[in-house]
Ligand SMILES: O=C(CO)[C@H](O)[C@H](O)COP(=O)(O)O
């Protein structure tokens, strides 16, 4: 059984982009475990965030684990731009690609492979890929924008995925992303999540270090 110590992954989507380096360094020094990078293409989601040049710039200001979340329609096409920068890369089960092949390429590149699922998608869609991902990224908001409220119904997916894990079907992290604060992190942790993406809660906190500690529970 892998280590389930909570991992806090501040999302730089909520940072001040005009001071990216300072923001990444600040949140790393405050105790963020992973730096979460939300890449959006304006097609898979209705927003454009940043691309690989921006992620590369962020990596120059931290030695923390870089967690890339590709909210893009063709993750297979752009994958090779991100794997050299990242320690983990998550791709969506709903995107237009050969999911098994993309997950295999992520692992072959030396990264943890993440499979992300949006709120409207039933968990059964990821079931055929059990054993092929290291992280199941359960979106707890509809992807595209930071600062949205947590969708409580998504927690059923966390519970069901934790049951797969308990049955020994595979060992994987369960990551939650969207509307995570101390209250929703507690709900997700009790359901079985162990990686907590938090944008607004951490970057907008008056004391980021205290907020990160509080998110650990
Ligand atoms: O993936 C995302 C949006 O698609 C963000 O990572 C997520 O929304 C986190 O931001 P916040 O903590 O502000 O909700």
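Each Cβ is built from the backbone N, Cα and C atoms, and glycine gets one as well.
As annotated by TrEMBL, active site, proton acceptor applies to 38. Taking Cβ-Cβ distances under 8 Å and a sequence separation of 6 or more, the neighbours of residue 38 (active site, proton acceptor) in its chain are 11, 12, 13, 49, 69, 71, 146, 199.
Per TrEMBL, the feature active site, proton donor maps to 177. Residues within less than 8 Å, Cβ to Cβ, of residue 177 (active site, proton donor) and separated from it by at least 6 positions along the same chain comprise 11, 36, 69, 116, 137, 138, 139, 140, 141, 197. Mapped onto three states, the DSSP output places residue 177 (active site, proton donor) in strand.
For 11, 69, 144, 145, 146, 147, 177, 178, 179, 199, 200, the entry in TrEMBL reads substrate binding site.
Positions annotated as divalent metal cation binding site by TrEMBL: 36, 38, 69, 177. DSSP classifies residue 36 (divalent metal cation binding site) as strand under the three-state reduction.
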Largest separation between Cα atoms (Å) of residues that the record links to substrate, namely 11, 69, 144, 145, 146, 147, 177, 178, 179, 199, 200: 17
Site with most surrounding Cβ atoms, counting all protein chains shown within 10 Å, from the binding-site residues 144, 146, 179: 179
